[in-house]
Amino acid sequence: MKQVSLLGATGSIGIQTLDVLRLHPDQFSLYAMGFGRNVEKALPLIREFEPSMIVVQDEETKRKLEKEVAHPQILCGGEGLIEASVAEPVDVVVNAVMGSIGLPATLKAIQSKKQIAIANKETLVTAGHLVMEEAKKHDVNLLPVDSEHSAIFQALNGEQRRDINKLIITASGGSFRDQTREELAGVTVDDALNHPNWKMGAKITIDSASMMNKGLEVIEAHWLFDVPYDQIHVILHRESVIHSMVEYVDRNVIAQLGTPDMKVPIQYALTYPERKELPITKNLNLEEIATLNFQKMDMDRFPCLRMAFEAGRAGGSMPTVLNAANEEAVQQFLEGKISFLDIEKYIEQALENHDRIHNPDLSTIISIDKETRERVRFQIN
Ligand SMILES: NC(=O)C1=CN([C@@H]2O[C@H](COP(=O)(O)OP(=O)(O)OC[C@H]3O[C@@H](n4cnc5c(N)ncnc54)[C@H](OP(=O)(O)O)[C@@H]3O)[C@@H](O)[C@H]2O)C=CC1
Ligand SMILES: CC(=O)[C@@H](O)[C@H](O)COP(=O)(O)O
Ligand SMILES: [Mn+2]
């Protein structure tokens, strides 16, 4: 029986991870669960899974939860997430929190040699060099949950890294794939949250609409698979059926296909290297889909993708700034304080105003992340 620590249990990935755990009660048990402030959503999960440890975002949420359940171990904040990641009984940590808040827990889980299923891409974007250095040092395999990275991971199975010609990451195009840049001026939060293929948390759905999600995924792929940016290619693929591909030097291309359903990569990360039945997901029906479309990615149409490639190539502290400015700007957009097109504007300004720091350590990354967010907030208010 594997003991699972699930960080971000009330989120889109978290809930789907629990769907997968329910299918295999003989193999997985929920030892710890973490969430932010959504006590209402967490309560039935706590009652059903009876985790030994619960982590919430702050003391106020802890007090609220304590009124509802008598539980001996309710922890708080970043320290709590770390406790849940390193607890002795835990075998596998599923990091499904949103944002760079997930970084310290990921690092500590690696240092404790836990198996890690990583959905929290911001961790790899903000500090990929630190995460991969620790993973190498402690001989820990990071198992990707992100659908594109799960696809690449599977396409790389049994292959030699030196034989890779390029990674081909597919992008659905997000909510505004059929809109011109001019048309983006008046779009609303509800428009942006209307993703054509996936039902996800709010932040990643906005990232998909701005194409920043693909930018973050390029940086995520660079670190996870140790592939240079010149060998990472993004292609528009409306159907989200091919989740990504690897082209090898001999021109063989290996693609992974499947119904767009995150339970598929979540379960694969949990059961790897084994495969298990997943009856709660529909089979891929290519006859019904009939046509798969592909289109060249236009970097002028999607400047967030261009900025992510630039920040990734520049390296050092630039991806930290890219990620922090994006997290803050997206939050401000969701709160109705800025327009959709302002998101890219604030990211560009943050990158332009930052003096790159080579090989930043954890405390430098945490302070750059904080300063960048403050600066974006200051410019907006
Ligand atoms: N959703 C998807 O299909 C995919 C998501 N990902 C990645 O997975 C991660 C999670 O995404 P998603 O599930 O969509 O996000 P959601 O916003 O749906 O969920 C986020 C989760 O994190 C929790 N959380 C937020 N802030 C804190 C905090 N400070 N401390 C503890 N917990 C916190 C939330 O709790 P609460 O509910 O209480 O706010 C919630 O459980 C992201 O990095 C995303 O990019 C990658 C591929 C696909
Ligand atoms: C499901 C998943 O992995 C998301 O990251 C997805 O990729 C979003 O779709 P697009 O960013 O391609 O619109
Ligand atoms: Mn993805």
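All positions are counted from 1 along the displayed chain.
Keep in mind that glycine also has a Cβ here, set from the backbone N, Cα and C atoms.
These numbers come from a predicted model, not from an experiment.
Per TrEMBL, the features are as follows:
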type	residues	note
BINDING	T10, G11, S12, I13, G36, R37, N38, N120, E122, G201	NADPH binding site
BINDING	K121, S147, E148, S172, H195, S208, N213, K214, E217	1-deoxy-D-xylulose 5-phosphate binding site
BINDING	D146, E148, E217	Mn(2+) binding site
DOMAIN	4-128	domain '1-deoxy-D-xylulose 5-phosphate reductoisomerase N-terminal'
DOMAIN	142-225	domain '1-deoxy-D-xylulose 5-phosphate reductoisomerase C-terminal'
DOMAIN	257-374	domain 'DXP reductoisomerase C-terminal'
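A map of TrEMBL features onto the structure.
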{"residue": "T10", "record": "NADPH binding site", "CB count, 10 Å": "21"}
{"residue": "S12", "record": "NADPH binding site", "CB count, 10 Å": "19"}
{"residue": "G36", "record": "NADPH binding site", "CB count, 10 Å": "19"}
{"residue": "N38", "record": "NADPH binding site", "CB count, 10 Å": "14"}
{"residue": "K121", "record": "1-deoxy-D-xylulose 5-phosphate binding site", "CB count, 10 Å": "29"}
{"residue": "D146", "record": "Mn(2+) binding site", "CB count, 10 Å": "28"}
{"residue": "E148", "record": "1-deoxy-D-xylulose 5-phosphate binding site", "CB count, 10 Å": "28"}
{"residue": "H195", "record": "1-deoxy-D-xylulose 5-phosphate binding site", "CB count, 10 Å": "19"}
{"residue": "N213", "record": "1-deoxy-D-xylulose 5-phosphate binding site", "CB count, 10 Å": "29"}
{"residue": "E217", "record": "1-deoxy-D-xylulose 5-phosphate binding site", "CB count, 10 Å": "28"}
* Quick one: of the binding-site residues T10, S12, N38, which has its CA closest to the CA of K121 (1-deoxy-D-xylulose 5-phosphate binding site)? => S12
* Asked: Do any of T10, G36, N38, E122, D146 (binding-site residues) have a CA within 10 A of E217 (1-deoxy-D-xylulose 5-phosphate binding site), and if so which?
  -> E122, D146
* **Contacting binding-site residues, sequence order - T10, N38, K121, D146, N213 vs ligand 2, Cβ under 6 Å** => D146, N213
* Structure fact -> Among the binding-site residues T10, S12, G36, N38, H195, the ones with a Cβ under 6 Å from any atom of ligand 1 are T10, S12, G36, N38
* Asked: Beyond D146, E148, E217, what residues of that chain have CB atoms within 8 A of the centre of the Mn(2+) site's CB atoms?
  -> K121, P144, S147, H149, I169, N213, K214, L216, E220, A221, S244
* To do: Please spell out the DSSP helix, strand and coil residue counts for the domain '1-deoxy-D-xylulose 5-phosphate reductoisomerase N-terminal' (4-128).
  => 63 helix, 26 strand, 36 coil
* Provide, as an integer number of angstrom, the distance between the C-alpha atoms of D146 (Mn(2+) binding site) and N38 (NADPH binding site). => 23
